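Pulled from TrEMBL, these are the features on record:
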- 15-25: compositional bias 'Polar residues' (COMPBIAS)
- 32-62: compositional bias 'Basic and acidic residues' (COMPBIAS)
- 1386-1397: compositional bias 'Acidic residues' (COMPBIAS)
- 1429-1442: compositional bias 'Acidic residues' (COMPBIAS)
- 1473-1484: compositional bias 'Basic and acidic residues' (COMPBIAS)
- 1492-1501: compositional bias 'Basic and acidic residues' (COMPBIAS)
- 1759-1787: compositional bias 'Basic and acidic residues' (COMPBIAS)
- 153-252: domain 'S1 motif' (DOMAIN)
- 458-534: domain 'S1 motif' (DOMAIN)
- 551-625: domain 'S1 motif' (DOMAIN)
- 645-714: domain 'S1 motif' (DOMAIN)
- 733-807: domain 'S1 motif' (DOMAIN)
- 829-898: domain 'S1 motif' (DOMAIN)
- 932-1008: domain 'S1 motif' (DOMAIN)
- 1040-1111: domain 'S1 motif' (DOMAIN)
- 1127-1196: domain 'S1 motif' (DOMAIN)
- 1221-1288: domain 'S1 motif' (DOMAIN)
- 1308-1379: domain 'S1 motif' (DOMAIN)
- 1-86: region 'Disordered' (REGION)
- 105-134: region 'Disordered' (REGION)
- 1385-1442: region 'Disordered' (REGION)
- 1473-1506: region 'Disordered' (REGION)
- 1759-1795: region 'Disordered' (REGION)
Amino acid sequence: MSSLKRKEGPGGPSASKSARPTTESRPSKRPKSSDAPKDTKAGASKGKDAKSPKKAKGDTEKPSIAPSASLLKEDEPLFPRGGGSVLTPLEQQEIQVQAKKDALFEEQSGATSGKGEKGGKKKKRKSEAGATPAVDPDAVKIESLNFKRLVKGSLVLGTICEINLLDIAVALPNNLVGHVPITAISEALTQRLQASAAKEEEEDSDEEAEDDIDLNSLFRVGQYVRAYVASTIDESAPVSGKPRRRIELSLLPIHTNSGISQQDVVQNCTLMASVATVEDHGFVMDINIAGTSLRGFLSRKQVDKSIPEESLQPGAVLLCIVIGNSANGKIVQLSTLNDRISSVKNFPSEATTIDTFLPGTAVDVLVSDVSRHGITGKVMGDLDVTADLVHSGAGPDGVDLEEKYKVGSRVKARVICNFPAAKKPKLGISVLPHVSTLKTKMAKKDGQAVLPLEALPHSAHVGKCTVRRIEPGVGLYVDVGVDGVPGFVHISRVKDGKVDGLFEHSGPFKIGSVHPGRVVGYNSFDGMFLLSFEQSVLDQPFLRVEDIPVGAVVPGVVEKLVVNSDGLGGVIVNIADGISGLVPEMHLSDVHLQHPEKKFREGMKVKTRVLSTNPAKHQVRLTLKKTLVNSEAPPIKSYDELAVGLQAPGTIISILQHGAIVQFYGRLRGFLPLSEMSEAYIHDPKEHFRVAQTVSIYIISFDPDASRLIVSCKDPSAFGLEKQLALKKLQIGDLVSAKVTQKTDDDIFVELADSSLKAILPVNQLTDKSVSKTQSALKKIHVGQTLPDLVVLQKNEGRRSITLSQKPSLVKASKEGSLLKVADDARVGDKVHGFVRNITPTAVFVQFAGMLTALLPKSLMPQEIQSKPDFGMHKAQSLEVKITSVDRDLGRLVVAIPGVAEEVEKPEDKPVEKAINPVDETITSADDLPVGKITKAMIVSVKDTQLNIKLADNIQGRIDVSQVFDSWDQIKNPKKPLKHFQQKQIVPVRVLGIHDARNHRFLPISHRSGHSVLEVSAKLSDVKEGEAPEMLTLDKLEVGSSHLAFVNNVEKHHLWVNLAPNVRGSIRASEASDDMSQLLDLGKSFPVGSALKVRVLAVDVQKQRLDLSARTPGSAAELTWDKVEEGKVLAGKITKVNERQVMVQLSETLAGFIGLTDLADDFDEANPVKCSKYEIIRVAIVEVDKSNKRIRLSMRPSRVLNSSLPVKDREVTKTTKLEVGEVIRGFVKNVSAKGLFVNLGGEVTAFVQIRNLSDAFLKEWKDHFQIDQLVKGRIIAINNGRIEMTLKASQVEKDFVPPITISDLKEGRLVIGRIRKVEDFGVFITIDGSANLSGLCHRSEMADRAVKDARTLYNEGDKVKAIILKVDEQQKRINLGLKPSYFKDADDDEMDVDGDDAGAPLGNDAESGEDEEMSDAGGAVLITGTDNFSDDSDNESDDGASDIDMADAAVEGLAGLDAGGFDWTTSALDANDASKDTNADAPKKTKKRREPKIQVDKTAELDINGPQTSSDYERLLLGQPDNSELWIQYMAFQMKVSELANARKVAERAIKTINMKEETEKLNVWIAYLNLEVAYGTDESVEDVFKRACTYNDEQEVHERLASIYIQSEKYIRADELFEKILKKFGSRSAQVWVNYAHFLHTKRNSPDRARALLNRATQALGTQAHLYLALMPKFAALEFRSPNGDRHRGRTLFDKLLETYPKKFDLWNQSLDLEISTAGDKSDLTVVRDLFDRGSQVKGLKPKKAKAWFRRWAQWEEEHGDSKSREKVSAKAQEWARTRKERQQQEENSEGEQ
C-alpha cells in the first residue's frame, strides 16, 4: 500500500511494541481489568488469579528490546570499525541470555520500588487498565509487507489488475502494485517477440497476424500469479536526485520457482509454469527448476473451464498445483482445476523441507499466538508464519482474532509472501476467504454478486463513510455501504494538512463517526477500497484522465506555452490536480493569431472544452475556440450519437481538392464534399475555407461499420418539404424558366421560377453554335434576367443538384418528345440530338439527357473528318446522330453520323435467302430453322472444341463439344473427345440459337447477323422427338453438383472450361486433378478440348463467376486440420515468395511455408527466388502445429521424390537427435548483440557466441553476417534443448590451416598478396593466408628504376608476389619489396610480375624531396593484428605513410567520417602520429633523418607510437582544443577499449569545447557522433543526437550526411524514411535532394519506378523557377542513362523536352551528347548520336565560337566511329552553316544601310 505511507503497514506495530503509555494503549475487552483502581500497586495483585502476575510481568517487560535488537541487527554495518568480534558464537549466545536475565531482574525491581517515578505510575495505570499480556522477547514479530520489506528476490502472490500493451500490472498485498514487462513473462514469449521483431522488416509476411502478441489473450484480470521481485527502483528514471520507486516483477518460472528443488516438488505444492508446446492431449509446461531437467505436463482434462483454450498458447504463464509425478520422476503432472487449487485442504502434507511452501501454496498452520494485530503460527513445527492486520481479517473485516483463533488450534491459510531479509525463515499468510480460495472478491448489490468497482466505481463520491476501526499512525477502516467490501483511509488522506493523531474514542475521526469520502483506488488482492477524506480531493472535478468526459467544458489555468520552430505550437492548460491538457495551435482561437504568445501567459485562467482523451498515454486535448466552448449543441463523440440532419460544430483539419476533413470530439471525423460546402459554386475550397476553421455542419449520412461520415454545410431547413417535393416532381427533359442569380466564366447559377430550386446552367450549354458564339451569348446574360425554355439535363436528388441546358436542339427535342433519356427508349435507326462529352483518338462519346452516353466510332464518321484533329469537334458541341446498335442489358449505345449510317447495310432489310443444297430437303430457307427444330447437318470440319457444320451451302452452324455427349461413358478419348467424328458425316441436330462468331456470344435466334452461325446440339437426349430440354444456365447450377466440362483455354495457373455454350467456368491448377504429376504442365496434361468430370465449388450469378473442381470428393482438396498428417506428400500452389520462405496453399483453408532449410537437400541450391508465384509444386508435410495453425512443408527431393536420393544437408526437426561434435550447416536467423542465431531446420535454432564466430578477430563482426546467410558450424553443447555451435574454421574444417601471423614472417620470405590500396608513395598489400596482415611497399622498392608515382604501375585488386624486407613485431609494421631483382634466384612461375619498365616512363627527378621524406618511415605500415580492414581503416592507417602536407592532413583524417561510416580501430591513432612525425622531419637533411632519434622531450611531445592512453590525449587536447580530428581519434580510442559511454562523453566534451566559430570542426564531431550511434547505439540515441546536430548545424547538411551514413551501413529502410523527411523539409528549395533520393532509389533500392515518380513531385515542389528546373531535369535524365535500372529512351525523352525548351543552352546539348556517346552500343545508337549532332548544328542563334567547337567535336567523333562519307558530310554541313551565317549577316547589313 505504497500510497498509505505507513511504516508497519495496516497491521500496525507488533505485540511487543504494544505496551506503550496509556495515551496509545487500547482498552482491554475484559470488564474486570477496566474496574481495577488506578492506584493499585503491582504487588497487590498477588492474591488475585494466576493471570495477574503475568500482567505485572507484562508491565515490567515493556523496556525489553528484543524485537528492536533485530532491527538494529539489520542496520548494523557490514564492516564494523575495529574488525569483527573475537568471541565465538556460543560465547555470544551465553552473554545475550545473561544480559536478558539481568535486564528482566532490573525491570521487575524497578517496577516495585519506583512508584514515585513517572514511568512507574504509567505502568501502574497500564496494569490497572488491563494491559496486553506480556510476550516472550524472542516471539515472532508480525510484519506487514511494505515497500521497505520488499527486496530483490522476494516472492509474492498477487492478482493481475491491469493488462497493457507491453506490461502487466499486478496487485500485491497491502496495496502494493508491481509491473511485469512483456520480456519478463516467459522465455517462450520472449522468443516469439524476437521472431516477430525479425519479421517486421519483411514487406510481405503471411504470419504477421499469427505473430502479433496480445497480452489480453494470454492473461485475464483477476488471475492469481506468483511474482518475483526484480527491482524496487525505476532504473529508467534520471540518475540525479532521489530514485523513483517502482516495483518491477518477473513471472519467469526460473525466478518464480526459485528456492525449490526437485525433492521439494510434492503433491499439492504450487508451481508457476509457462506453456512450452501445445499437444493433442495437453500442454508441455516449462517450470525451470534450477539444476534439474524437470518439466511439467498439463492435461486438457486438468484445465479449468474458466481458462479459455485460446489463451493457452506458447508463452502463457499459469499458477498450477502439482497432482503427481511420472514414474521416471522427470515429468510433473499439473492441474489448474478450481476445485483442486482453490481448496486450502489441498496442502502439501508430504513436504520434507520448508522450501516447498512458496507463495500461492496452501498451508496447515498451528496457531502459536493471537493478538489484535494478527496471527502467528508454525508450519511443520519450525517454519514461522504470520498473518498481518489486513490478511488476518482484523483490520478490514473487524474480526475478533482472540475469539476466533485459539492458540494451539489449526488454521488453513494461503502463503502470500516471504521475507528474504528476515533473520529466520518466515512467511506471510492470508486467511481472507477470497485469497485462501484464490477467487476474485465480490460485492453484493441489490442481492446480486458484482465486482467491487461495479458497485462503487473509481472516483465515486461516498456520502457516508462510517469509521469501524482505527489504527493510530496508520489510518481508518471504514464502511462504505458496499456489502462485503470495506474501505481504508490512510492517515495522510484523512484531511488536508497534517493529522496529529487518530484516537478510537475521541477526536473527529473516532469510531462510529461518519464522513464524506471519495474512492481513489481499489486493491483487488486485499479486497479493499482506498478512500480519501481530504476536502481538496472531494472538490477536485477529476482524479484521472478516464474521469474526464469528452466534450465537457472545464476551467483551467495556463501552465506552459509550447514553442517550436514555427512559433507557438500550443498551450498546456492545467484542468485538475496532476492533470493537464494540450491546446493545439489550431485550437487557440477562432481566428488565426499573428502573435499568440501575447494573448496567453502562464497563470492565466481560461475556459476550455475537452476535445479528446487518451488514458493509456495520459493525454488530454483541449480547445479554446469560443465557437466550440460556448456552443450549446451537444458534442458528438461516436457514431451512436449521430442522426441524419443533426447540426454540430466541427473543425476543418485538412482541405483536399474535392472536399475537406472535419474533426469532431474524440476520434470522430467526417468528410465534407465540395458540393456540400455551399449553395453557391466553389471551384477551389482553399479560397473559401482554411485549416483550423470551425464550421457548422449537418449530418447527411453515416455508416458505422465502414467508419464513414458525410457532412454538409448546407442548411437542410432551407431545403424544406416543398422544395423536396418540387425536386422529386421535376423530371429530366422538363422545360423550365429560371432567374439568373450569379454568373461565372464557366457556369450560370439560376433559380427555378416556379419552385425556387437552385440549378446550374453550364456556359457550354447555351447554344448549338461555335465557342465564340457561345461566349457572345454569355455576355448578353445578366444577373436577374429570367431565361425561358431551359431543359432539365441532369438531376441528383441526393445532392440536390440540377443541371440545365439552353441548346436549341435539345429544347426542340424535349418539346417534340424525342429527347433521349434512358437506354430503353433507344431504337435502332432513330435520329437523336446530343452533344460531345469526350473525344478519344478512336471515338467520340456523345451524351444525352440523364447522363446517358453513346459511342460514336471513328469508322462511323465521314471520311473527310476522320483525319482532322479531334475529328474537327470540340467538347459540348451539338450533334445529331443515328442509333446503330443498342445493348439494353449493359445500357450501351452505338451511334453514327446520319450520312454514314445509311451506307451501312441493315441485316433486317435483306431479303430472305433460300437454302442452297440443304442437307435436310425439308429446309427451304433460314426461316425454317426456329429454335427447337430437329434436322440434319453435315460436318464440315472437326476442331478441338467444336464441330463446324452446314445445314445448307449458305447456312452454317456449329456444335459445341459440350453439346455432343450426355454422359462420361460416351467419351472414348477424354483428351480428344471429338476425334471419332469425320468430315461429311451426317448427324442429327437440334437448333439451340445463334452463335456470334465475332465475340463468341450465344444469342437468341432473333439476333441473327452476317457474323452469326447456328448453335445446334447433337446430344442424343436433345435430338429425340418431343419438347426440347432446357438449356443449362449459370443460375441453375448448384454447389456440389457434377457436370461434364471441356477445356476451352489453358492458362498458367488455371483452366477455362465450358459446361454449355453459354456457361463457362474456371478450374484452379490445384483443383485440376488428384494426380500431382499432371499439375506440373497443365497444357500437356489438359489440352484444349479435353473432357473433365467437374464439381461446382462456387457460383456467383451477379458477377458471372463459376469455380469448379476436377478432383474427386474426399481427396486432398478437402484437406482440413483434422486430416493433415506429417509425412504426407501432396500438391500445392505457391502463393507468395520472399527471400526467406515460400508460402504454399494446400487447400481452401490450409497453407504452409517452406523455409530455407526445406527447399533442397543441398543448402547451396536453396534459393526461394527460383520458385514462381502460382506454380504448382509437390511438397511433403514435415511438422504440424495445430494450436498455432502452422504447417512446415518441404520441397526436398529426398522427401517428395525418392528417399534414396543423396542428401548433403540432412533434415532437422524437433525430434531430430543432434550430437555434440556434429558438423552441420544452417541459415542465419537473427544477428543479435550477443551473437548469431542459426536456423538448422523448422524451429530448431542454434546459438553462436561472438567468440565462436571466427578464428580471426572480427572488428565489425556484424558486417560479416546477415540474415539468411548459409553458415557451417560444429555443435559444441546441447543443454535443455538449447544448442550451441561454433563457426571457427579450426574446429569445423578438417584441412584447416592456421592463418599466418606476424611472428611467422621472416625477412626474405616470399609471399603472395593483393593490393588493397594504391597511393602515389607506394602500395598496401594484404598477404594471402594471413590474419589480415598488411604491409607497405614503398615506391622505391617497386622497380629497379626510380618510380615517381606508384599509381601508374598498380591498381587495387592486382595480385602480386612480394618479398619481406623488414618485420617490426613491436611496431607491427611490415616492409615489402616488388623489385624484379629480388626474384632472380627464385622460381617465378606462379605469376607474372611487372618488370623494370612497368608503368609510365619515369624521369630523373624521381629522386625528389618527397622520396627522401619517405625514406625514414616510408617502408613501414601499421598492422592491426587480426582486425579486419575496412575501407575507412585503410584511409586512416595509410595516412601514416603518406607524404602529405599538414594542410591536407585534416582533410585526409576526416575521410573515414564521410558517408562510409566510422573506423573505431586504433589505426587512426598511429596513422595520425606517423604522419606528424613524417612532416615534422621534413625540413631535416636526409642523413640526419636516417639516424635514430636518441633524445625525446617527453614533456613537449609524445613518443613515436602516438597517444596510447587517455592522459596522452588529454595533454594533446590542451594544446589543440579545436582540432576535431584529435577529438575523433580520442573517441576511436575509447571504442577500441569497448568504452561506448566514455566515447559519448568525449563527443559531448568536444561539442562543448570547440570554439563556436569553428563550424566545420564542430560539424566533423557531430558526424562522428552520428556514426558512433548508428554503429553502436539505439534508434532513440541516434534520433537524439540527430536532433541536436540539426539544432547546431546546417539542418539540410546534417540530414544528408545521416542519410549517407545509413546507406553505407546498408540500413536502406532507414535511409528511405529519412529521404522522405528531407523532401518534405527541403524539397521546395533544393533540387539536389530530389536527385540524391532518385540516385538512391535507382542504385540501392532497385526501384526505378519510385525514382521516376519523384520527378513529378519535384517539379510541383520546386515551382517554375528556371534555375531549379535546370538543376533537376538533366540529372534525372542522366540517371536513366547511367543507372543499371535506367531506361535510356526515357532519359532521351527528358533531354528532348529540355532542348526544346532551352535550345540555346549548349551545355545541355553537350550533356546529352556525352551521355549518348558513353552509352552508345549498336548502330542504332550511333544514328541517335549523329541525329543529335545534326539537330545541335541547326539551333537558331548559334554563335560562331560554339558552332566551331560543335562541328570540331562532330568531326572527331566521325573519325572514330564513322567512314569517309560521314566525315565529308560533317565538313559540308560546317561549310553550309558558315555560308548561311555569312549571307544572313550581309542581309542584316544591307537592311541597316537602307534604313
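Placement of Cβ uses the backbone N, Cα and C atoms for every residue, glycine included.
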Notebook entry, point to check: Which residues of the same chain, at least 6 past either end of the compositional bias 'Basic and acidic residues' (1759-1787), have a Cβ under 8 Å from a Cβ in it?
Noted result: 1726, 1729-1730, 1733-1734, 1737, 1742, 1744, 1747, 1751
Next item on the list: Could you give me the DSSP helix, strand and coil counts for the domain 'S1 motif' (829-898)?
Entry: 15 helix, 34 strand, 21 coil
Next item on the list: By DSSP assignment, list the helix, strand and coil residue numbers for the domain 'S1 motif' (733-807), in that order.
Entry: 12 helix, 36 strand, 27 coil
Check: In the domain 'S1 motif' (1308-1379), how many residues does DSSP assign to helix, to strand and to coil?
Finding: 6 helix, 37 strand, 29 coil
Next item on the list: Would you mind splitting the domain 'S1 motif' (1040-1111) into helix, strand and coil residue counts from DSSP?
Entry: 11 helix, 37 strand, 24 coil
Next item on the list: Count the residues of the compositional bias 'Basic and acidic residues' (1759-1787) that DSSP assigns to helix (H, G, I), to strand (E, B) and to coil, and report the three numbers in that order.
Entry: 27 helix, 0 strand, 2 coil
Item checked: Secondary structure content, the domain 'S1 motif' (932-1008) (per DSSP, counts of residues) -> 9 helix, 36 strand, 32 coil
